[in-house]
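Undergrad: Just dropping this structure here.
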Ligand SMILES: Nc1ncnc2c1ncn2[C@@H]1O[C@H](COP(=O)(O)OP(=O)(O)O)[C@@H](O)[C@H]1O
Ligand SMILES: [Mg+2]
């Protein structure tokens, strides 16, 4: 049988697929994403909203937010494209400035909850035992309370304790992360539990690698696709929750504008019936941004999730 | 033999506690591997070969399996592997004892470039710098006969063929100069021509470095090519062992004889390939008996009632079969 001798050359190897560039995994995903029109549309809207909110105010002459009694509640016109509010401030400028806060709160609370959720979920799934018990019981406890009432209770406490309005934005971020890490931790834990049984993890053990290295170098990179999907969907949820909180006056407080508290300040019968320019723009912004983020997140899941569907 | 054993397993028992009962996957197995020697464990699927290897590597009971080592000793050089702590075990794994698995595709991390996966044991055990490890990784890729090693180092596992991946696994396994290489069916997932190349490569590295190989296979063709010494396992027990030539020419145990009969002979056309009738028994329903008796042409009364022990026959080998025991005649 041993007709083939010693030195082996490439030609003897079965025709292998030609190695692609280093980033081939990501390039493959990008190519798939480009084919998903709906996800691309979502991405476009998200990018547009970010550009509008962060760059838009630079071109607005009304960013000083001065109160102009003469300009109270004007309908949309050439000078004020979306009209003015009860204090004579330009609604378009306010919507853009509110978007900065809403998007920042959404992003920051996402970063924090993804960090917390994936760290705790990974520890629970990888080390199991006591760590798993403690982390997951706390998560279960938090998950048994519906997150909106929980947020209301926390928000009410904040108002009770008279937290300075300047700090409220940061505290709202913390609150949102606090209610969303348990669900995330549970998903990450499930994924880690299945990943750690994979043969390549056993192979890493057999190589004599340290636990920390196995966890961070071998296991976590396999979680990245899942984390990206979770993160993108999480931003949408956080923006929505922040809007709801602010609408009920439990989130970020005026004069700092957010989409939620802008709708709240138009929350009376006259404004609702006769001045739609006060509540439609912030409402539409929330709607468009959250829907677009979710559509994009779903598209990302289809692209990055290695598990076959259907 | 004058030389001390590199690895000596004595009475190893590895059990799985399942809902239906205890599965004795490995049941009192003893074997030894001497320096520079290739020992093959052979037997049908489900005989406990892989679990034996996993027991040596300390993988039983980790990775979510309910297994436990119920007894025995695994001595490597002057250390008992079953008594080492986590840290001591880690310094042996990948450094002094390396292992390769059956499926090269699933034993490599899908999201890490190949080069980085080769670098890891070099950094961990040989304390190489990242730069030195990268250079060494590229050397190793070239050494296992793959062209364009710089490019391959940057590639991901899904970009290479199974044969190339198994070469990479070998490169990783030999990277720290192990004294013992455990290979669990390293060629089973590959097609025949690639199989021969991989076996050749293992032989070549063994000749260059004097490492020992514990090769697990169900393929007697592989045994014939590679082994110095053969251990035949059946239902978690060693039923026969001996020098390869002796075992192939004068197999004692009816199971070994059956395995040899069912081996295709190279260059000879056979109309119908023989296969041993029946199946490996359900490990949950084993009573004291010869576990092979239901499938055995020579089954006697005693085979059903009592378990034969492994006894030396001939010059080197041993067999566990009542046919070769005086006692059998007395009772039978
Ligand atoms: N996780 C497990 N739980 C229960 N039984 C197991 C487990 N893993 C292996 N076994 C049993 O151990 C026996 C030996 O398995 P294995 O060593 O993988 O066989 P092979 O000789 O094919 O490598 C099999 O009969 C199998 O049923
Ligand atoms: Mg096996």
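Backbone N, Cα and C define each Cβ position, glycine as well.
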Undergrad: Looking at the candidate ranges A:170-188, A:189-207, A:246-264, report the one that TrEMBL labels transmembrane segment.
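TA: Result: A:170-188 is the stretch TrEMBL calls transmembrane segment.
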Undergrad: Taking a Cβ cut-off under 8 Å, which residues six or more beyond the ends of the transmembrane segment (A:38-59) line up next to it in the same chain?
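TA: Apart from its flanks, the transmembrane segment (A:38-59) reaches 93, 96-97, 99-100, 103, 285, 288-289, 291-300, 302-303.
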Undergrad: Where among A:138-158, A:170-188, A:219-240, A:277-297 do we find the most Cβ pairs under 8 Å to the transmembrane segment (A:101-126)?
TA: A:170-188
Undergrad: Could you pull out which residues elsewhere in the chain have a CB under 8 Å from any CB of the transmembrane segment (A:170-188), counting only those six or more residues past its ends?
TA: 105, 108-109, 112-114, 116-118, 120-122, 124-125, 135-136, 138-140, 142-143, 147, 150-151, 154-155, 158, 163, 223, 226-227, 230, 234, 237-238, 241-242, 245, 251-252
Undergrad: Would you mind listing the long-range same-chain contacts of the transmembrane segment (A:219-240), meaning Cβ under 8 Å and 6+ residues beyond its ends?
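TA: For the transmembrane segment (A:219-240), the list is 29, 102-103, 105-107, 109-111, 113-114, 117-118, 122, 126, 176, 180, 184, 187-188, 191-192, 195-196, 201, 259, 286, 289-291, 293-294, 296-298, 300-301, 304-306.
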